[in-house]
Amino acid sequence: MSSGGLLLLLGLLTLWEALTPVSSTDRPEFCELPEDSGPCKGLFHVFYYNSDQNQRLEFIYGGCYGNANNFKTIEECKRTCAA
C-alpha cells in the first residue's frame, strides 16, 4: 500500500474512533468516581464525568492527587467516558 493510502486509512480510523461513542459497558471504571479537587490549592478548570447525571461537568482541580476522572478538555472526557 502506498504512503498516501496509509495516511488515508489512518485518517479514516482516527475519525471513526472520534465519532464512535463509548458504551457504558466499555466505559473505564474510573469514570464512576466522583469529582476530586485534591488537597492542593491550584485553580485549574477541568472536567469529570458524572455517572449519576450522565453528564460531563466542569470543576476546579487543585493540581495534585485527585483521581483519574479528571480531564483537561470536555472532548477528552466525552471520548473516554461518554455514554
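Glycine residues also receive a Cβ, built from the backbone N, Cα and C atoms like all the rest.
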Completion exercise
Answer for the disulfide partner of C64 (Swiss-Prot, candidates C31, C40) is C40
Practice task
Give the residue from the disulfide-bonded residues C31, C40, C64 that has the most other Cβ atoms within 10 Å of its Cβ, counting over every protein chain displayed.
Solution key: C31
Exercise for the section: Would you mind checking how many other C-beta atoms are within 10 angstroms of the C-beta on C81 (disulfide bond)? Expected result: 23
